[in-house]
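J.: Below you'll find the structure I mean.
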Amino acid sequence: MKRIGILTSGGDAAGMNAAVRAIARSAMNAGLEAYGINYGYKGLVEGNIFKMESTKLDEIINRGGTILYSARFPEFAETETQLKGIEQLKKFGIEALVVIGGDGSYHGAEKLTMHGYNSIGVPGTIDNDIPGTDFTIGFDTAANVAMEALDRINDTATSHQRVFVVEVMGRGAGDIALWSGIATGADAIVIPEREYDIEAIANKISENRKNGKDHGLIVLAEGVMGAAEFKEKLDQYGDFDSRAITLGHIQRGGNPTVKDRVLATRLGDYAIRLLLEGKGGLAIGIHDNQLVATDIIDTLENHKHQTDVSLQDLNDRVRF
């Protein structure tokens, strides 16, 4: 093997650049050539491919977003489009592809694997919803951004005796809501993985008022419903001075945390080591702080990410 390709796909996540750097540098230091593919699978099919230079990778480990850009490209679900992508890879002499991204990105790598092309998936998404890994690149940064925003909102809630319903990202997973909610002492954390009772939440906030806590913070995962809708339903069960806030895309950007930079570096280097061993068709990740690799087809077809819902029980035990 002489050449590998790298692409980022789907929603951007802080730490993707650190992964790109690690993959490219590890490949170059092993005597391989690294090729970047701009705009994800769309750029792959269009041949937007270039040879990477080590000197251009010096200042990206600390940057959010992705220097390779990203684009949604649902057309890659079609067999004909997948084969066009493989043609481009062969045209550039690229013998293996490392894909950094989330669920949709992994399915693209899975399809390439099914066509006999060597691909490895690196988990990069703020949602932390990829099977085969405890944590994804970008999750820690997003959770920290959400935590900082919730701390600020809580200051205002305290000052004005208000109840805030704050919607955080996560797609269909409640991990960002759970982790940021626990870290900010939320009165309630509402996630898709568990049933919830809005009336019971309202009663708890009313009870808190009687016991001396005159403000409230509800952290809501976007996979449940929107903040405005939740607030409207909450207000039916109490006389609250409530506000609804959606944090939105602020959770994706910004400098990655130390955890995301190190995780991305470990996973990027691991992808190259596996390729050098002649292995491929894999989804890589981290489990109990150990790097792991699983068959990407089996991982996507037979496994699901498991959100640690016991964290919600923890929050219930330590809240006001």
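Backbone N, Cα and C atoms are what each Cβ position is placed from, and that goes for glycine too.
Dumping what Swiss-Prot says about this protein:
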BINDING   Gly11, Arg72, Phe73, Gly102, Asp103, Gly104, Ser105  ATP binding site
BINDING   Arg21, Ala22, Ile23, Ala24, Arg25, Gly185, Ala186, Asp187, Lys213, Asp214, His215  ADP binding site
BINDING   Asp103  Mg(2+) binding site
BINDING   Thr125, Ile126, Asp127, Arg162, Met169, Gly170, Arg171, Glu222, Arg243, His249, Ile250, Gln251, Arg252  substrate binding site
ACT_SITE  Asp127  active site, proton acceptor
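Distances, neighbours, how buried they are, the whole picture for these features please.
T.: Around the Cβ of Asp103 (ATP binding site), a 10 Å sphere holds 17 further Cβ atoms from the protein chains shown. DSSP assigns Asp103 (ATP binding site) to a helical segment in the three-state reduction.
Proximity of Arg21 (ADP binding site) to non-local residues of its own chain (separation of 6 or more, Cβ distance below 8 Å) is seen for Leu57, Ile60, Ile61, Thr265, Gly268, given in sequence order. The DSSP secondary structure for Arg21 (ADP binding site) is helix.
Its own atom aside, the Cβ of Arg252 (substrate binding site) has 19 Cβ atoms within 10 angstroms in the protein chains shown.
Listed in sequence order, Gly11, Gly102, Thr136, Phe139, Met169, Gly170, Arg171, Gly172, Ala173, Asp175, Ile176 are the same-chain residues six or more apart from Asp127 (substrate binding site) with CB atoms under 8 A from its CB.
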J.: Given the binding-site residues Arg72, Gly104, Arg243, Arg252, tell me which ones have a C-alpha lying within 10 Å of the C-alpha of Ile23 (ADP binding site).
T.: none
J.: Please determine which of the binding-site residues listed here (Ile23, Ile250) has the lowest count of neighbouring CB atoms within 10 Å.
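T.: Taking Ile23, Ile250 as the binding-site residues, the minimal 10 Å Cβ count falls on Ile250.
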J.: From the Cα of Arg243 (substrate binding site) across to the Cα of Ala186 (ADP binding site), what is the distance in angstrom?
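T.: Answer for this pair: 15 Å between alpha carbons.
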J.: I need the least crowded one of these binding-site residues (Gly102, Gly104), counting other C-beta atoms within 10 angstroms of each C-beta.
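T.: Ranked by other Cβ atoms within 10 Å, the binding-site residues Gly102, Gly104 bottom out at Gly104.
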J.: Could you measure between Arg25 (ADP binding site) and Thr125 (substrate binding site) for me? Cα positions, answer in whole angstrom.
T.: 22
J.: Roughly how many Å lie between the Cα atoms of His215 (ADP binding site) and Arg243 (substrate binding site), rounded to a whole value?
T.: 11
